[in-house]
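A.B. asks: Taken from Swiss-Prot, the feature domain 'Chromo' applies to 213-271. Taken from Swiss-Prot, the feature domain 'Pre-SET' covers 407-472. The annotation Zn(2+) 1 binding site is assigned in Swiss-Prot to 409, 411, 419, 425, 426. Under the heading Zn(2+) 2 binding site, Swiss-Prot lists 409, 426, 454, 458. For 419, 454, 460, 464, the entry in Swiss-Prot reads Zn(2+) 3 binding site, with the evidence type similarity to another entry. Feature annotation from Swiss-Prot assigns domain 'SET' to 475-601; the stated evidence is sequence analysis. Residues or ranges marked as S-adenosyl-L-methionine binding site by Swiss-Prot: 486, 487, 488, 529, 558, 559. The Zn(2+) 4 binding site annotation in Swiss-Prot covers 561, 621, 623, 628 and is backed by similarity to another entry. According to Swiss-Prot, the domain 'Post-SET' annotation covers 617-633.
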């Protein structure tokens, strides 16, 4: 078999080439090196031919067969096919495109150099200017990184994360200064996609806020101080500008969901083991104990991605057979806690749905009064499903039905004006004074006084000053769960002045005999909703309002030894002294957000006992007032 040296001696036209000095990018099909139809091959290790420029020469040249001996004097033959005209054109085209790409890269480098020079000449703005504040709102995407961030490599994740840039990741870890500089550049250099542009109609597209960048891909996740950090590739930036970002900077990013889903599938075997172990531990913790270590705010802020990321981190430790114990233990405890939060989160969602349904039913009944909002930011309780919200009293068995008005005032006919304190209005006709201030419409009576409003027999219309209770509630309220153990309460979302009508005490009107029987059961539960209609203290009350199962917003108003509401008896259509309306008015100015309360023990007449209460048990007062009596009844 002839050698390559023999062929050179036979063919005098062949030229000996030194491929180490050959500039491949300048070769064309007409180059002398190609026309010579010669290829000199650098020999590497046994059975291998060194790659590089020589390979390009062989591909462009038309050498059909090359024979040579390797270092062990073994003959090696390489056969090459002649390139077609089509392939030659494609090679020339690719060379032109490469040249065009090099020009674009040089232009981009010049632009970046000019920007760096311009930034060096101008002072840096504070961090609050470069990026939006975290307290106000969590931005969708931010490039702000953790300070001095360098992921832990104790678990050996580099081989199992599926990161395309593992070498770059390791370089960034070994050179924290370079990493910090990269992040600084990433924050300060605006992304090309952030530039202002114009639509076809000429309108300007709003520019993205400074400090926000688009995530192209999340490459991997590591652990820094027991918290996950993510290696992020930014859109419009080279991989050298990748940064490590905390979860808070990426929580609203769509790429985060893709990353988590991808890694859940990758580690599904280990995650199944981990979740099984944690479920066993969770089953040993009663759900009633959850709220002792978990707040409602934490439940509302529950993010399922955070729990899934903990599963991924634990799975990576197992997949890498890491010897580290401290980090997996801490992350495992955090995952168990988040599983508790998840369990309470499901109960919280059901609770919010139930409260919303009750709120809708209540406000439909209350129309056209202002809406009442329902909220519970303390525990997972809901409104008792046995409670029925009503707008008017239910007349029980043995209670006479009130009749329509038999007499009314003639103020409008006599003076031609509305009812006033000086006119012979309903109040004066009943032996009381006019109840409301004509200018403000607020109550001007002292607690314990009776209110007589105009009725259907009066000559005045609905705009009369003496028609307040019958026109309904005019102020919005909030039904909320208290934090002092008093159950549900009512507060006002806006300030209320003294003498403002709040609501009427609504429920079932029953006889006192029936009330005594019900009162025994209510006392055992430490709650009572019985309200005696005993304005006429000269004799025992005949009837009682029971708001335990049927009632309105007044059902939830709590007791206070220093109340801001008082109960007034009010007559409108009928004058049966045994069946007054029980109405609440403010007795002092009330601030927005303050809880509404009244004295259950009739502070206006301490000598009158609460007849329907047994003495078998004492209920502790939780009002917290300075003059608190400590015992409710």
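Residue numbers in this text run from 1 along the chain shown.
Cβ atoms are placed via backbone N, Cα and C, with glycine included.
Quick one: where do these features end up spatially?
C.D. replies: Helix, strand and coil counts from DSSP across the domain 'Chromo' (213-271) read 23 helix, 22 strand, 14 coil.
Mean pLDDT for the domain 'Pre-SET' (407-472) in this predicted model: 88.
Contacts of residue 425 (Zn(2+) 1 binding site) defined by a Cβ separation under 8 A and a same-chain sequence distance of 6+ are given as 409, 411, 419, 434, 454, 466, in order along the sequence. When secondary structure is read from DSSP and collapsed to three states, residue 425 (Zn(2+) 1 binding site) falls in the coil class.
For the recorded site, residue 409 (Zn(2+) 1 binding site), the DSSP three-state label reads coil.
Over all protein chains present, the Cβ of residue 488 (S-adenosyl-L-methionine binding site) has 17 other Cβ atoms lying within 10 Å.
Within the same chain, residues at least six positions away from residue 628 (Zn(2+) 4 binding site) with a Cβ under 8 Å of its Cβ are 561, 562, 621.
Same-chain neighbours of the domain 'Post-SET' (617-633): 484-486, 523-524, 526, 528, 558-562, 597, 600-601, 610, counting only residues six or more beyond its ends whose CB sits under 8 Å from a CB of the stretch.
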A.B. asks: Tally of helix, strand and coil residues over the domain 'SET' (475-601) according to DSSP?
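C.D. replies: The domain 'SET' (475-601) comes out at 17 helix, 47 strand, 63 coil.
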A.B. asks: Measuring Cα to Cα, how far is residue 529 (S-adenosyl-L-methionine binding site) from residue 464 (Zn(2+) 3 binding site) in Å?
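C.D. replies: Residue 529 (S-adenosyl-L-methionine binding site) and residue 464 (Zn(2+) 3 binding site) have their Cα atoms 33 Å apart.
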A.B. asks: Under a criterion of Cβ-Cβ distance under 8 Å and sequence separation of at least 6, what residues of the same chain contact residue 458 (Zn(2+) 2 binding site)?
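C.D. replies: Looking at Cβ-Cβ distances below 8 Å from residue 458 (Zn(2+) 2 binding site), excluding near sequence neighbours, one finds 408, 409, 410, 411, 412, 419, 426, 464.
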A.B. asks: Within 10 Å of the Cβ of residue 464 (Zn(2+) 3 binding site), how many other Cβ atoms are there?
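C.D. replies: The answer is 22.
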A.B. asks: Hey, for the S-adenosyl-L-methionine site built from 486, 487, 488, 529, 558, 559, who else sits with CB inside 8 A of the CB center?
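C.D. replies: Here the nearby residues are 482, 489, 527, 556, 557.
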A.B. asks: Using Cβ atoms only, which residues of the same chain lie under 8 Å from residue 460 (Zn(2+) 3 binding site) while being at least 6 residues apart in sequence?
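C.D. replies: Listed in sequence order, they are 409, 411, 412, 418, 419, 454, 466, 467.
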